[in-house]
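Enquirer: I'd like to ask some things about the structure below.
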Amino acid sequence: MGGLMAIIYGGLAIMPLFVGGVDYMMHILIMILIWAVVASCWDLIMGFAGIFSFGQVAFFVIGAYASAIVSNKFGIPPFFSIFIAGGIAAILGVLVGLPCLRLKGAYVALVTFAVHMILEPFLKGHMGRAIGTGGSRGILTIPPINIFGYAFTPDNKVAVFYLTLVLAVICSVIILMVIRSFWGTAFLALKDSEDFSASLGVSAFKYKLAVFALTSFLTGMVGGFYAHYVGMLSTRMLGIDLFVTLMIMLVIGGIGQFPGAILGAIVTVTLNEMLSPLGPYRPLILGGLVVVLVLLLPDGVIGLLRRIFGGKRKTREAEA
């Protein structure tokens with residue numbers, strides 16, 4: 001896991017050497033890193049903990065709006081507001097997770113997707129406007145992240161890319177450490193059987209709330225970072241397109257196959273941009289590719305790589 005993740009991020013780190021002068025390409029690389037973290041968080045809660053949460057986009061948007069509002073209304077520097085946004089998203093994640101403790105499978109998906117559906121009218125409504133969401137207009141001015149007097153504006157996308165890379169690596173390392181720790185084992189036990197895990201002393205209440213809090217925090221923090229990168233927000237992010245795109249990332253990479261979500265983000269964002277000239281046919285083609293991948297590679301690209309290299313390793317051991 002760790003070695004492959006290092007190779008992926010190492011490869012991305014040298015990309016500005018080749019495309020650093022092309023703003024469009026740098027923007028794509030930045031978005032790959034952002035969606036890689038969001039998809040990895042979703043993979044942790046769904047692929048490893050077995051909780052069918054469909055609220056990841058909602059927590060991303062909550063983090064984005066929270067950081068923008070905290071920074072605009074209270075004058076808190078964006079570097080700190082993104083962590084506050086992560087905290088707000090984590091609190092809401094726990095509040096959403098509490099009723100989900102008594103539910104399983106599709107019912108959890110319905111509750112968490114309901115949060116996604118409720119969020120847009122809230123942000124556009126009177127309560128949303130009262131706290132500074134800008135209603136239907138959105139938030140039109142958001143300050144960039146400033147560290148030691150250096151502003152990471154969209155005009156200098158190479159600097160923003162490397163800052164995003166640092167954030168993505170930190171978040172991915174946290175996820176990897178969780179997966180490799182007792183917490184990761186507990187998540188897998190809960191995914192397989194809650195009754196069996198309870199007999200081993202694994203508390204479903206404790207670990208389910210913990211994974212809701214952690215994934216919501218990381219997703220909300222990255223959402224806040226995104227807000228300060230793009231400089232404006234609207235509720236269009238809550239459309240079904242982003243939700244489906246993130247799901248495609250998981251399927252391509254392999255659900256429960258970390259760091260498959262990172263590879264999935266690279267492939268999906270790249271394909272999305274390559275197919276953009278096709279206009280309305282793009283979702284159709286992407287959907288067709290997903291169906292083919294599910295049939296041919298049920299464990300995603302990571303599953304294929306593990307079978308290839310695992311098979312070679314077994315062959316060498318047999319020859320020895």
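Just so you know, glycine gets a Cβ as well, placed from its N, Cα and C.
Copied straight from TrEMBL:
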TRANSMEM  12-38  transmembrane segment
TRANSMEM  44-67  transmembrane segment
TRANSMEM  79-99  transmembrane segment
TRANSMEM  105-123  transmembrane segment
TRANSMEM  160-183  transmembrane segment
TRANSMEM  209-230  transmembrane segment
TRANSMEM  242-271  transmembrane segment
TRANSMEM  283-305  transmembrane segment
Enquirer: With Cβ distances under 8 Å as the criterion, find the stretch in 105-123, 209-230, 242-271 that has the most pairs with the transmembrane segment (44-67).
Expert: 209-230
Enquirer: Going through 105-123, 160-183, 242-271, 283-305 one by one, which has the most CB pairs that fall under 8 Å from the transmembrane segment (79-99)?
Expert: 105-123
